[in-house]
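Chemist: Take this structure first; my questions come after.
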Amino acid sequence: MTSIPLGPPQPPSLAPQPPHLHGGDSLKRRPDIDNDKEMSAAVIEGNDAVTGHIISTTIGGKNGEPKQTISYMAERVVGTGSFGIVFQAKCLETGESVAIKKVLQDRRYKNRELQLMRLMDHPNVVSLKHCFFSTTTRDELFLNLVMEYVPETLYRVLKHYTSSNQRMPIFYVKLYTYQIFRGLAYIHTAPGVCHRDVKPQNLLVDPLTHQCKLCDFGSAKVLVKGEANISYICSRYYRAPELIFGATEYTSSIDIWSAGCVLAELLLGQPLFPGENSVDQLVEIIKVLGTPTREEIRCMNPNYTDFRFPQIKAHPWHKVFHKRMPPEAIDLASRLLQYSPSLRCTALEACAHPFFNELREPNARLPNGRPLPPLFNFKQELSGASPELINRLIPEHVRRQMNGGFPFQAGP
């Protein structure tokens, strides 16, 4: 499968980001970019064009490290949006391909996406290599995030199957969704980040190894209990019902709902809840889950308990999917797509679900016979997990290979 360029060859015109971007979520005030060590990066002047442009920047120079000049040739635009532009580039010194996300930077504020990406290091989260600032002839300041390049998105992989009237093989559904939940388990527990925009377009896939990675942390935030957040977040088809109800004190379980929608979409070949607007989105959800009870509405947003909704019975999950659907897939979807946020399983519990048991088999391989991408090299996400859950997550053959020496051992 080849990579397809998205969007026009030139960057869209960008308006400066207002301080309230991504919400009643306040951005941190930054008095001076140049004096902020955490944000320090070279500022390159006159960086208007994208495709064909060569960008040189300096990295290193901290803690006695030698300074090093790196040059990138911008090759093609791979994504555009209100945030800015993402382009593929090649490092002229090493030949390595990278993705560079270029966003307009308000000089008064820190960039939250950069701050969060610096915290993260996981096989199922796209990695930040370094960053630099650039200016244009109009004296606009841009932040450039240099990330590993992953050629495909889950959206395009699924489209590859649906355009030829095929279903994605169930093995790949398992492999991709397991890695999505593993990435979510990491960001939810280690840095404590909620992604807030999980969807197939924000899930990268390497077509050779089938490794899957979360990307685009432009909407992400560390959620603090008792602190209000904006509810108008997350792309519509994947938006949790509490967000549609206008909740502002939600939890990272909104990502679990979104991931449940992605799972259902891979199984069905199309979105499960294709609402045309927020109200229609809720109607689509009610058509499957039925009318929420007063208690479920209270769990989503206490201010809505007096609203009257048409009484619709839940559609049985086994009728939502085709007859030959594995019962474990249906069971997992039903545990993820619950009205009450606290009743949705956690990302780590989802990883341990029997739907993924095939991936834990000693002889599990890709259909072409190649080894699976890394699935069991867990990091801090296992801290606080019960021994029973860890035993279900890490297969016995993996424990034997490591002589039980993984960081969070499950006990005897």
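Glycine residues also receive a Cβ, built from the backbone N, Cα and C atoms like all the rest.
Features from Swiss-Prot:
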COMPBIAS  1-19  compositional bias 'Pro residues'
REGION    1-33  region 'Disordered'
COMPBIAS  22-33  compositional bias 'Basic and acidic residues'
MOD_RES   S26  phosphoserine
DOMAIN    72-356  domain 'Protein kinase'
BINDING   V78, G79, T80, G81, S82, F83, G84, I85, V86, K101  ATP binding site
MOD_RES   S127  phosphoserine
MOD_RES   T136  phosphothreonine
MOD_RES   T137  phosphothreonine
ACT_SITE  D197  active site, proton acceptor
MOD_RES   S219  phosphoserine
MOD_RES   Y232  phosphotyrosine
MOD_RES   S252  phosphoserine
MOD_RES   T293  phosphothreonine
MOD_RES   S342  phosphoserine
MOD_RES   T346  phosphothreonine
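A description of the local structural setting of each listed feature is requested, covering burial, neighbours and distances.
Modeler: The number of other Cβ atoms within 10 Å of the Cβ belonging to S82 (ATP binding site), over all protein chains shown, comes to 11.
Around the Cβ of S127 (phosphoserine), 14 further Cβ atoms fall within 10 Å across all displayed protein chains. In the three-state DSSP scheme, S127 (phosphoserine) is classed as coil.
The number of other CB atoms found within 10 A of the CB of T136 (phosphothreonine), across every protein chain shown, is 16.
Neighbour count (other Cβ atoms within 10 Å of the Cβ, all protein chains): 9 for T137 (phosphothreonine).
Classification of D197 (active site, proton acceptor) by DSSP places it in coil, neither helical nor stranded. Residue environment of D197 (active site, proton acceptor) contains 23 other Cβ atoms, counted within 10 Å of its Cβ in all protein chains.
If you draw a 10 Å sphere around the CB of S219 (phosphoserine), it holds 22 other CB atoms from the protein chains shown.
In three-state terms derived from DSSP, Y232 (phosphotyrosine) belongs to neither a helical nor a strand segment and is classed as coil. All protein chains included, Y232 (phosphotyrosine) registers 11 other Cβ atoms within 10 Å of its own Cβ.
Under the DSSP three-state reduction, S252 (phosphoserine) is assigned to coil, being neither helix nor strand. Within the same chain, residues at least 6 positions away in sequence whose Cβ sits under 8 Å from that of S252 (phosphoserine) are L184, H188, V193, C194, L223.
The Cβ neighbour count for T293 (phosphothreonine), using a 10 Å radius and every protein chain shown, is 11. Classification of T293 (phosphothreonine) by DSSP places it in coil, neither helical nor stranded.
In the three-state DSSP assignment, the secondary structure recorded for S342 (phosphoserine) is helix. Taking Cβ-Cβ distances under 8 Å and a sequence separation of 6 or more, the neighbours of S342 (phosphoserine) in its chain are S253, C299.
The Cβ of T346 (phosphothreonine) lies under 8 Å from the Cβ of A185, H188, I256, each of which sits 6+ residues away along the same chain.
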Chemist: Which of the three DSSP states, helix, strand or coil, fits S219 (phosphoserine)?
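Modeler: The three-state answer is coil.
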Chemist: Across the domain 'Protein kinase' (72-356), what does the pLDDT come to on average, as a whole number?
Modeler: 94
Chemist: For S82 (ATP binding site), which of the modified residues S127, T137, S219, Y232 has the nearest Cα in space?
Modeler: S219
Chemist: So, three-state DSSP: helix, strand or coil for T136 (phosphothreonine)?
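Modeler: Looking at the DSSP assignment, T136 (phosphothreonine) belongs to neither helix nor strand, so coil.
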Chemist: Measuring CA to CA, name the entry from the recorded positions V78, T80, T136, Y232 that ends up nearest D197 (active site, proton acceptor).
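Modeler: Nearest candidate: Y232.
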